[in-house]
Amino acid sequence: MSIFSLYTRVLELLGKEARLGWLLAFANLLLAASQFAEPVLFGRIVDVLSGKSVAGSSSAWPFLAAWVAFGLFTIACSALVALQADRLSHRQRQAVLTDYFEHILQLPLTFHSGTHSGRLMKVMLNGTDALWRLWLGFFREHFAAILSVVVLLPLSLYLNWRLAILLFVLCIVFTALTTFVVRRTFGMQMAVEEHYSELSARASDALGNVALVQSFVRVESEVQGLRSVANQLLEAQMPVLSWWALVTVITRASTTITVLAIFTLGIALHDQGLTSVGEIVMFVSFATLLIQKLEQVVSFINNVFMEAPRLREFFNVLDAVPAVHDRPDAIDAGRLSGLVEFNDVTFSYDGKRPAVEDLSFTALPGQTVALVGPTGAGKSTAIALLHRAFDPQSGFIRIDGMDVRGVTLTSLRRNIGVVFQEALLFNRSIAENLRVGKPDATEAEMRKAAERAQALEFIERSGGFETNAGERGRMLSGGERQRLSIARALLKDPPILILDEATSALDAVTEVKVNAALDEVMRGRTTFVIAHRLATIRNATRILVFENGRVTESGTFDELVAKGGHFAELARAQFMVQEQSRANTRASVTAAETIATAAKSP
């Protein structure tokens, strides 16, 4: 994407503010014309004062009055443009930031798993700030500066083409110098932004794992790593700053050289009667004005160039396409009963190896279907397809007889509740976390859901529903977080429930409490359970055994054990361990009883 096309897109993002942008552009055109008038009037006044008649008038007062009028107009118009440009840029920055935030929340989990959240935050804030600066600078002064140059050069030719040549030479030098520096530093600035991204990601990574950093005494190491990246950033930034500092120095030198050149040529032309003192003064003012405007144009180009890497990153994220979206004819499904059908469903992440292949099964309303198999067998993919994290490449999934692709994502996901392996909580109050399931839930409804999820006791003990859960729920224990997520699912009251290893990370005592809560939330719902611990799915209506993306066995727990297949091997392995543990416990108890009996004997 070239600098021009990049900036065109920046202006396209004005959206609803584009009409105000056009009005500001017109106001800038008027400002450019009025700024050109001032040096002309100044020159005419000098000519009159030096005894030369101008336009048939020997009085300077009419020119002075016109100058005052143009000055007042310029002041008023500049103030209005600055005020409206400020408001436009601030309003649109907030609008774009909100749109970006909504966009990244809709991107697939595969995108988020491969992109650091700290980088996404950095891209969002840096990108919207870059847009704000460019909009503000463009409408406040840069567009007026560009128009001033466009207006001034041809009119200076009309007034005195000999002196105007010097102004054209000045523009050519500026253009050549700016083009050279932009090309020279383009790659350098890209490297600078890469270092900024690395710096942001590294800092975010360390701050997100403070407990790990402190427990493994990694503070100094992490600081040293960040310092190393910061030093690399400075090394990459310094050459860019040096080149643009050179532009500034040459710009200032050009002011002096151009003014001296105009005076030198002007005196020579005056001696030959080819110009007046007023015209010399006029062109000195032109040169000063032109250099001022060229500096603003160079500043504009520099700003676009410096912001380009940030904007490219921003647009790259903005251009990322959500994996799924609503069809134009998608309908609101309303409240579903929970009949789920998979028919010959095949899906591949990379287009080569299928994650699930020819998957077919039916879950009736109220049934519990367990998905069992090794990691990577396709269990989580099947569930992801159910709530349309992705769409299958072939086959279809129906709920209550409706293809899930034919209903809106909002209505589909409103009918599905998920209890994750790791309870996901916001750094907000317990009440706000519960209301994720039902935004308009009353306190009475939250209390009832918490009680059913066996969470009310610890909520009241910790200070009530307004207690903050901490970042990612760290103010609560693992079991408390999980019971909150179950209460959240109860509040949502979906007809379809997904339990993704909901108790695998809990201790035995906590697991008993959570399982009791899960029994409550599963009642009367179509439930899909992803499980490795087979004891948790003993009472499932149906168990699907996954291997390499296919269902290789299907049936109840007892039926699958009786078949003697892969599931039976898993069951024997897990329950043999449990039986051995119980046997060891019984042996320990027996030994203790024997010792106690012997001690009592005379």
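Placed from the backbone N, Cα and C atoms, the Cβ positions cover glycine too.
According to Swiss-Prot, the protein has these features:
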- 21-306: domain 'ABC transmembrane type-1' (DOMAIN)
- 22-42: transmembrane segment (TRANSMEM)
- 63-83: transmembrane segment (TRANSMEM)
- 141-161: transmembrane segment (TRANSMEM)
- 163-183: transmembrane segment (TRANSMEM)
- 240-262: transmembrane segment (TRANSMEM)
- 280-300: transmembrane segment (TRANSMEM)
- 340-573: domain 'ABC transporter' (DOMAIN)
- Gly373, Pro374, Thr375, Gly376, Ala377, Gly378, Lys379, Ser380: ATP binding site (BINDING)
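Looking only at the binding-site residues Thr375, Ser380, the densest Cβ neighbourhood within 10 Å occurs at Ser380. All protein chains included, Gly378 (ATP binding site) registers 24 other Cβ atoms within 10 Å of its own Cβ. For the recorded ATP site, residues Gly373, Pro374, Thr375, Gly376, Ala377, Gly378, Lys379, Ser380 set the reference point as the centre of their Cβ atoms, and the other residues of that chain within 8 Å of it by Cβ are Thr381, Phe546.
Here the Cβ of Ala377 (ATP binding site) has 21 other Cβ atoms within 10 Å, regardless of which shown protein chain they belong to. Only pairs six or more apart in sequence are counted, and the transmembrane segment (22-42) with the transmembrane segment (240-262) gives fewer than three Cβ pairs under 8 Å, not enough to call it a contact. Outside the transmembrane segment (240-262) by six or more residues, the chain places 163, 166-167, 170, 173-174, 177-178, 181, 184-185, 188-189, 192, 280, 283-284, 287-288, 291, 294-295, 298, 302 with a CB less than 8 A from a CB of the stretch. Look at Ala377 (ATP binding site): DSSP puts it in coil.
Counting only same-chain residues at least 6 apart in sequence, none has a Cβ under 8 Å from the Cβ of Gly376 (ATP binding site). Ranked by Cβ neighbours within 10 A across all protein chains shown, the binding-site residues Gly373, Pro374 are led by Gly373.
Counting only same-chain residues six or more apart in sequence, the Cβ atoms lying under 8 angstroms from the Cβ of Lys379 (ATP binding site) belong to Leu371, Val372, Gly373, Ile530, Phe546.
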